[in-house]
Amino acid sequence: MPSLTPRCIIVRHGQTEWSKSGQYTGLTDLPLTPYGEGQMLRTGESVFRNNQFLNPDNITYIFTSPRLRARQTVDLVLKPLSDEQRAKIRVVVDDDLREWEYGDYEGMLTREIIELRKSRGLDKERPWNIWRDGCENGETTQQIGLRLSRAIARIQNLHRKHQSEGRASDIMVFAHGHALRYFAAIWFGLGVQKKCETIEEIQNVKSYDDDTVPYVKLESYRHLVDNPCFLLDAGGIGVLSYAHHNIDEPALELAGPFVSPPEEESQHGDV
C-alpha cells in the first residue's frame with residue numbers, strides 16, 4: 001500500500017548558458033543547453049525507472065514556470081512515461097512560479113552586482129543580501145514571497161483535498177534556482193509572516209489557467225529576511241511533504257528523492 005502522505009517534488013530546470021556561467025537569469029527566456037537536455041533525460045530515467053522514486057499514477061499535477069527552460073525540463077523528465085501515463089497528468093503553467101525578477105541585475109554575475117551597488121552608494125553598512133534586499137527595479141523579497149505563498153497555498157489545498165479522498169498525491173513543481181529555494185524555505189515556515197493589507201497583497205491574482213485548481217485567498221503570507229542556506233543546482237530535485245501525515249505540518253524531506261522504501265506500518269514520516 002503506497003503512502004498517502006502527499007509530497008511536493010521540486011525540480012530546477014536543466015543547465016542553460018547562463019546557469020553555467022553564473023549569470024542571473026530572470027525574465028530572459030533561454031533554452032537548455034545540449035548538456036542540460038541530456039541531464040534532464042537522465043533525471044527522468046532515474047526517478048521513474050531506475051530509482052522508482054516516482055510512480056506516474058500518483059502524480060496528480062505538475063505546476064511549471066512559464067519560462068522555456070522550465071517547460072523544456074518538464075517534457076524531458078516525462079519522456080520515460082507512456083502516452084497513456086502522460087495524458088493522465090495535468091500540467092499547469094503558473095506565472096507565480098517564475099524566477100525572481102532581477103531588474104537591473106539581469107544577466108550579471110554576483111561580483112558585478114556588488115560592484116554596481118557600490119558605485120550607487122549602496123550597502124555601506126552591510127553587504128547586499130538578495131533574500132533581504134531584493135533587486136533594484138526588480139522584485140523585493142516581499143513581492144516574491146507573496147506570489148510563492150500563493151502557489152504554496154494552492155498546492156497544499158490540493159493535497160488536503162486528495163488526502164481526504166484517500167488518494168496518493170505527488171505534485172511536481174518545475175521552476176528556478178532562487179524561486180525554488182525560496183519556495184522550500186517558506187513551505188515549512190522559515191522567514192516572517194505578514195498580514196495581507198496593501199492593494200498588491202489583497203488583490204485577487206490568478207496566475208494560471210486551469211479551472212480544476214481552486215483559487216485560494218491569502219489572509220497572510222511569508223517572506224524571507226535572510227539566506228535560507230539551501231543549495232539546488234541546475235537539474236536538482238528536492239522533496240517537500242508533511243510530518244505525521246498532517247497537512248498542517250509542512251516539512252522538508254531531508255532524504256530527498258533517493259530513499260529506502262518506507263516501512264509498511266509507518267508509511268511515511270510518522271515519527
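Cβ coordinates come from backbone N, Cα and C, glycine included.
Quick look at what Swiss-Prot annotates:
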- Arg12, Tyr24, Thr25, Arg69, Glu99, Trp100, Glu101, Tyr102, Arg181, His244: substrate binding site (BINDING)
- His13: active site, tele-phosphohistidine intermediate (ACT_SITE)
- Glu99: active site, proton donor/acceptor (ACT_SITE)
- His176: site 'Transition state stabilizer' (SITE)
Candidates Glu99, Glu101: member of the binding-site residues with the richest Cβ shell (10 Å): Glu99
Packing count at Arg181 (substrate binding site) (other Cβ atoms within 10 Å of its Cβ): 21
Recorded positions compared (Arg12, His13, His176) - highest count of Cβ atoms within 10 Å: His13
Cβ contacts of Thr25 (substrate binding site) (under 8 Å, same chain, 6 or more positions away): Thr16, Trp18, Ser19, Arg69, Glu99, Tyr102, Glu106, Gly107, His176
Extent of the substrate binding site in Å [max Cα distance among Arg12, Tyr24, Thr25, Arg69, Glu99, Trp100, Glu101, Tyr102, Arg181, His244]: 38
